[in-house]
């Protein structure tokens, strides 16, 4: 049978006009329209050597209409049979096939390259041999070969790829590089680097690759593969790993392609290679990729070492898989590997981010029992974890250990974590004392420590103390950012009317635009369009993650400071207009829902009132309503989380709304049936009409 892959490998898909049985001179003569041999060689004649080289048999079952051509072909001598079976030609289905037959797709010898223009190739080679590294002399010598001054791109590539030995190729490359106006593309570097790799000139290959990186020339998959394989041939394994690590930053696809090519070529990756792959997938947050690495390690039979375990733990943390990270840690300790500081730091970050207080407490207990090593970063990470999950007592022990240590004394990060713990627990006195201790110890406060303390004092209605902390922060060189400005806005919402100007005066030094907007919101004479324009300007100058908190605080200020009644609704509508509250409403066939998890108390009240008005309008317009209505407030995963559920439950009681806590134990979820909600909506419409 004719192998269709041979056609594909030669430059295209099988064509009905090309039939290998007709590739004999007799067949070609018979098919000539004039009945005599053509003066120019036909395609059949051109393919005759190929048929004798690759084919050993005629097709077993010729297609209909080919019998005559087959008979004509049989008058020729039998085809030459090969002593061994030829290699099959594999075609990558993901890459486009060449349009025409081209021998340039394969590596060419110097003689073949010179055949296209023998005189020019010979002149270049002779000039390189005679002039050595003198580029000026070489330019003069090859002036006859390149009378136009600059060689054509394809011509230069052809010569560069055909020059041997490597010294000639490298000199010619340097000459091309010295020509003004000649564009040195990635392919030129790749060609000369492959020539250098043949003779294991790794130092030159490495310097060229570094030159590409520094000069802004793109390093593609071929470049990295050439550098890495050359380093391996010279047993420069550390450099090979460095280039492999640099490669993963350029794209996952290229790294996987190189990895699979190496595996197909018989390369057995070691633990370091798997560590690099795991780190790459971890940066991308790709859990499937991490699982692929773990399965590959088992398939290859590579036992992970501590470095690999640490990398996998960090990757699982970035991928948001705390349960798998815990299992991997247990597997590591069961294998007899003792964790180091990096291991414990990675696991502490994972537990803190997931708010897994039970597992965090167990980790802390095991650390103390096994006397596992501690360093400064681990101390601070553990303190941050305690702040995330609300472990006050454990945090106090850690902090005391740090103060008693000679090499791990608390820094601003350590004090910030402890202040955050006391502030979250509603202990402003302890937080204030610690802030004063930090100043006495000569540790400069940072923006986060001041933000935590000011917010805690604001909730406790200790406005004067909050203002004093801000003044101390400014005196110690703290630069206010959007977080601190949002914190001051939240304090304004807690102020009595006579206290607000003092806080606004401090806020004005950090963000005058916010204060201007607050004053506009309090002025009943200012119209909606003016507020809209000012609000848009504020958002444009604010970090994305601080825009929604700003809007929440402004709504709370309007509600708590007795601003004009319409202002909270105006701000809420602007927040929706500018995309600050995505995913508020959900609709399915049997349930409509409202998601309030990202809102402040005041903003949640406004959103609920707006939603119920929309429901009433749908009812009046005759729209079919579902059987169930749900409001999600969330319950908060932090031990000290005040949450929105309690405040929202009080609001529902004030409105006499028929929403009740979900009996199916969905935390922070309030539900109402259609039968209960419709009468309440109708009663609201009646009271509004009255």
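A Cβ is built for glycine as well, from the same backbone N, Cα and C atoms used for every other residue.
According to TrEMBL, the protein has these features:
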| type | residues | note |
| --- | --- | --- |
| REGION | 1-114 | region 'Disordered' |
| COMPBIAS | 21-41 | compositional bias 'Low complexity' |
| DOMAIN | 211-351 | domain 'PROP1-like PPR' |
| REPEAT | 220-254 | repeat 'PPR' |
| REPEAT | 270-304 | repeat 'PPR' |
| REPEAT | 305-339 | repeat 'PPR' |
| DOMAIN | 358-494 | domain 'PROP1-like PPR' |
| REPEAT | 375-405 | repeat 'PPR' |
| REPEAT | 411-445 | repeat 'PPR' |
| REPEAT | 446-480 | repeat 'PPR' |
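Sequence-distant neighbours of the repeat 'PPR' (375-405) (same chain, 6+ residues past either end, Cβ-Cβ under 8 Å): 341, 344-345, 348-349, 351-353, 355-357, 360-361, 364, 411, 413-414, 417-418, 420-422, 424-425, 638-640. Within the model, the repeat 'PPR' (446-480) carries an average pLDDT of 93. Across the range of the repeat 'PPR' (220-254), the DSSP-based residue counts are 28 helix, 0 strand, 7 coil. Remote same-chain partners of the repeat 'PPR' (220-254), defined as residues 6 or more beyond its termini with a Cβ less than 8 Å from a stretch Cβ, comprise 186, 189-190, 193-194, 196-197, 200-202, 205-206, 209, 212-213, 261, 272-273, 276-277, 279-281, 283-284, 286, 289. Distant neighbours of the repeat 'PPR' (446-480): 412-413, 415-416, 419-420, 422-424, 426-428, 431-432, 435, 438-439, 487-488, 490-491, 494-496, 499, 502-503, 506, 509-511; these residues of the same chain sit at least 6 beyond its ends, with a Cβ under 8 Å from one of its Cβ atoms.
Residue counts for the repeat 'PPR' (446-480) by DSSP state, with H, G and I taken as helix and E and B as strand, are 26 helix, 0 strand, 9 coil.
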